[in-house]
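> Below, the features straight out of Swiss-Prot:
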| type | residues | note |
| --- | --- | --- |
| REPEAT | 27-60 | repeat 'TPR 1' |
| REPEAT | 62-94 | repeat 'TPR 2' |
| REPEAT | 218-250 | repeat 'TPR 3' |
| REPEAT | 306-339 | repeat 'TPR 4' |
| REPEAT | 384-417 | repeat 'TPR 5' |
| REPEAT | 460-493 | repeat 'TPR 6' |
| REPEAT | 495-527 | repeat 'TPR 7' |
| REPEAT | 606-639 | repeat 'TPR 8' |
| REPEAT | 719-752 | repeat 'TPR 9' |
| REPEAT | 787-820 | repeat 'TPR 10' |
| SIGNAL | 1-21 | signal peptide |
Amino acid sequence: MRRHTLAIAILAALASTASVAETSDPQSLLIEQGYYWQSKKNPERALETWQKLLRLSPDQPDALYGIGLIQVQQNHPAEAQKYLARLQALSPVPRQALQLEQDITVAVPDNAKLLEQARELGEPEAEREQAVALYRQIFQGRQPQGLIAREYYNTLGFTAKGSSEAIAGLQRLTRERPNDPIVALFLAKHLARNPATRPDGIRALAKLASNNDVGGNADETWRFALVWLGPPKPDQVSLFQQFLTVHPDDSEIRALMNKGIAQGKGGGTWQRDPQMTKAFKALDDGDLKTAEPLLAARLAQKSNDVDALGGMGVLRQQQERYSEAENYLVQATRLPGGAAWQSALNDVRYWNLISQSRDAQRAGRSAQARDLVAQAERLNPGQPGAAIALAGFQAQDNQFDDAEAGYRKVLARHPGDPDALSGLINVLSQSGQPDEALKLIDSVSPAQRAKFAPSVKINALRATQVGKLAEQRGDLKAAQAAYRQALDADPENPWTRFALARMYLRDGQIRNARALIDGLLKSQPNQPDALYTSTLLSAQLSEWKQAEATLGRIPTAQRTADMNELATDIALHQQTDIAIETARRGQRPEALALLGRSEPLTRNKPERVAVLAAAYVEVGAAQYGLDMMQKVVENNPNPTVDQKLLYANVLLKANKYSEAGEILREVQGQPLTETGRQRYDDLIYLYRVKQADALREKNDLVAAYDMLSPALAQRPNDALGVGALARMYAASGNGKKAMELYAPLIQQNPNNARLQLGLADIALKGNDRGLAQSASDKALALEPGNPEILTSAARIYQGLGKNSEAAELLRKALAIENAMKAKTQVAQASAPGTSYNPFVGLPGQRRQVTDLTVAGAVPPPIDAPTKSVTSNAFASATSNDLSDPFVPPSSIASIDSPELSPARRALDTILRDRTGYVVQGLSVRSNNGEKGLSKITDVEAPFEARMPVGDNTVALRVTPVHLSAGSVKAESLSRFGKGGTEPAGSQSDSGVGLAVAFENPDQGLKADVGVSPLGFLYNTLVGGVSVSRPFEANSNFRYGANISRRPVTDSVTSFAGSEDGAGNKWGGVTANGGRGELSYDNQKLGVYGYASLHELLGNNVEDNTRLELGSGIYWYLRNNPRDTLTLGISGSAMTFKENQDFYTYGNGGYFSPQRFFSLGVPIRWAQSFDRFSYQVKSSVGLQHIAQDGADYFPGDSTLQATKNNPKYDSTSKTGVGYSFNAAAEYRLSSRFYLGGEIGLDNAQDYRQYAGNAYLRYLFEDLSGPMPLPVSPYRSPYSN
């Protein structure tokens, strides 16, 4: 019974630990999830959840306990002990520490066996006593915790003397586990068993009786307790009444209650010169202003006064004018009675050496500084000053471990030394040990603090450590508050300002951060550290030009080694930024060359290598960049955590989320420097934001928000995270919420053009066209000369339907890019490294530069082969063997296939649909039909001239057509015309079709009107209107509809009309009706369906009706920007009211089965290159065709009777059908295109061939890859 109850309760007990607060905040949700996964025996998911929680709050007790418990369960006691130590280090020690300590103890095999024995003992009191003894042997005097405590106290309560202790223990557990119904039930039972507390037990059981988990047990025990109570006293009657309210039919309990109610009714020495006495007293008091004139006056009276010389030496020492002090003291020691000043002289020499060492350190002469400190140490080994100075130098050189050891060594010999103490506090603070620094500060007594140098602001230091600890926990608000407190205590400290400014940055408060740093610069415009921190802020904001300018204001002589290193960092970032911008303009070879020339700037420093590697990723050489960073890690046998984090950053840039995540998980929980902690936090933040964006793009908004929410909790006002959240809301259709999120970002950064464009994008998705327009215009006003801004604004204009304005913006962007490109080429021509050569890549010229430009080399004879050279950026990593597609070509080798800038690509996209052109084609179509009847040879020479008009296009189409069916054979005359015997001659016709067309590409709208070829036997008005658009809710879904009147081109009869030998004319059929279709395509698979209904009308031809239905599905077996392969299944059905597939008078001469079914397997391959695009399509399948019998002369009963009522036989066939089509287009130049197409259709005994060619001339230049798939130009009359 007991064991069964415990098993039921495990889940509830685990959950109760975490349910203290509402689960609306991320931490509470994670606590609940962690205990849930542990209750489900899923340690992997639980560990992942606890690690997420620790990233939010590094000291969160539930997370530390959860991971510790997993280590216990997986038999890793040493790892579990580490988490126990972390819990025990918290103040106050949380209950989870006691629980984990017990779990570790119970997991010891001997204790586990004892626990098993205790649980196996039965109900008799003697066995319970034994069980209690076993439990206590496990606890070893510690207070029982958790589930084991619950079972222990329950067992203890049933022993002779254990009731009171059991009740007290269970009462404690109910406070610790308020949502654990098992604990409440055990406590209620033991209270009910004890006569003194039975009424309390009954009340508790009454409450538990309605509990879903323990209600049945509680209800049963409730009744027993009332029976044990017996007839109630007057104040106990309500206990029975409450039970009877729930169980009104329980006569035994009612009788007991009634019984209780019924029972309740009854000497003379030498004296120093008074002036000298006064001077020395002032000197002792530190009153140098009083002492100096007195000593000077004495020396004026008596220049060899030993005490005056010695006193002046001490005064100069206190003024830190050590050379002068040494001079005075040397004179004093050489006079009679001057031996007393020897120790003062030694002291001055000691401090003079230390002063000189500090000057050397400031000048960057570290070796000389250390030599001077060593001399001072030898001069006075007992003085701590030299050791303190050395530790300070080590701290300045970031040798924090050595500095810490040095300070601690001094304090061991000179406890409480104020300089060593303050130095150690600073080192602990700088080396990422704010907790240790805080403990040390709090241990310093007021008396010790009073001895600190005036420059040591201990209260500011303490607040700074509190801020750093809050920062480590991810509590930005607490960190900001602490740093503000530190700034109040030390307002002139630039580093405290910088710490607070960093918090503002992480909270998205860029303006506040800049104002804070600039505030100090206004009052101290030339203070080196103020300028330095301002430079660092600009660096964090990637404002490299401003960083360079600010750092340049610090005189070279006053720059520290760190400042000089920062100057190199700035130079590298400026170079890489130029390279990235160059690549964005489509000049990838030039960008790679710039990066190659930047490599010496890294000086193999991992942080700089990471910057350069990230830049290679940005310009498209991702693998090369990753290899650079991988070498940094692999070349170090024991790579530091910082180096791993740098590599993870480059992996994130390259969208290698899995590899980056592995490093971040590996680093998690490891000790980090302050810089490492910040880098880790930034990477985790960026990782979550990028992953959230990726999930949003997959339309998994729930997972995207879950991924982003911890990042938002960490930095609730950061533009990156809030922008990602806004995009989620926009994707969900909640544009209002998205714009609400963007509002404070814009308020904080009103002059950020990219933010304005982000707002415009969201406004456009929310159909707020006015805001989209105004935000785009604001961005353009802020950065009118930035090609990237112009290109992005053009995309917004396109979405607003303003394609002409969009094209103008893109042309402006291209003009700016071309101007920049010219400057880059001039710069390259004069720069070292790979030479610029303007003729590389021109028609008939080399595609690489040669080695003839190498300075100092003797050129080979002109008849000798000349080698091509590669950019030094790739010299060691790649080859120029263009025959191997898997080896990336060098930067110069790729110039024959230049990357296009986004502006060029965007303009090409607009122009491709809208630019004017003229095109002349020639097409031929023929079949294997019967001569004179179903045979047709169709030759057309379509011409089209298209012009843009605003955001629309209009076109004029002129299509000469010649049709020929051959001559009707004599034996076929009965099946032609009215069946006369007169020879019909050759069946042919010629004419010219005319039409005008209109198109609005943005609206998916097309319309045309014209006339079928003039000159044909019959011509008529033809045209149509169609629309094809995506659904607004999901652009993967599309719909289309059209209404049209089109000629039926199956034969000469249906297209042009026929005339027999007797002059009878008929034919010229048109299909009049509409078609609708729906489709879905997510770039992985597609489905579609369509339906159409048409009335077929002709001259002297029986009217007919056609109904068609079809659908299909296809899969992308390959889908890349340059090639696609699809395979599908398609089905269609078609029916005509009448069979008109004949050529006698009254028939239309077109394929018109009464039942047509087709099931096919289509496949399509398409590929695109820079100048060539082609596609091949084929389909094979089964077809069933059934045609009813028909009169020879439908609609003319007299003629039908005259001819003895002849009829065509019905037919029904099932067989294999197939088709093949190939199309291609080649760009002859930026304006001339040559294209063509061939096709074959085969259905049982019918076969048709078709081919066409065309030459197109564009009125504007187009570049970039050819469209995929190719869309060949066809005659308006093509099927």
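Numbering starts at 1 and runs along the chain as it is shown here.
Backbone N, Cα and C define each Cβ position, glycine as well.
Model, not experiment: these values are computed from the prediction.
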> Cβ pairs under 8 Å only, please: of the recorded stretches 27-60, 218-250, 606-639, 719-752, which one is richest in them relative to the repeat 'TPR 7' (495-527)?
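Most Cβ pairs under 8 Å with the repeat 'TPR 7' (495-527) come from 719-752.
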> Going along the chain, which residues at least six beyond the ends of the repeat 'TPR 2' (62-94) come within the CB cut-off of under 8 Å?
17-18, 30-31, 34-35, 38, 43, 46-47, 49-51, 53-54, 100-101, 103-104, 107
> I'm a bit unsure how to read this: which one of 27-60, 218-250, 306-339, 384-417 has the highest number of Cβ pairs shorter than 8 Å with the repeat 'TPR 6' (460-493)?
27-60
> Below 8 angstroms Cβ to Cβ, which residues of this chain, lying six or more residues outside the repeat 'TPR 5' (384-417), approach it?
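Those are 350-351, 353-354, 357-358, 361, 366, 369-370, 373-374, 376-377, 423-424, 426-428, 430-431, 448, 451, 560-561, in sequence order.
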> Do any residues, 6 or more residues outside the repeat 'TPR 3' (218-250), come within under 8 Å Cβ-to-Cβ of it, and if so which ones?
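Same-chain contacts beyond the flanks: 185, 188-189, 192-193, 198-199, 201-203, 205-206, 208-209, 211, 256-257, 259-261, 263-264.
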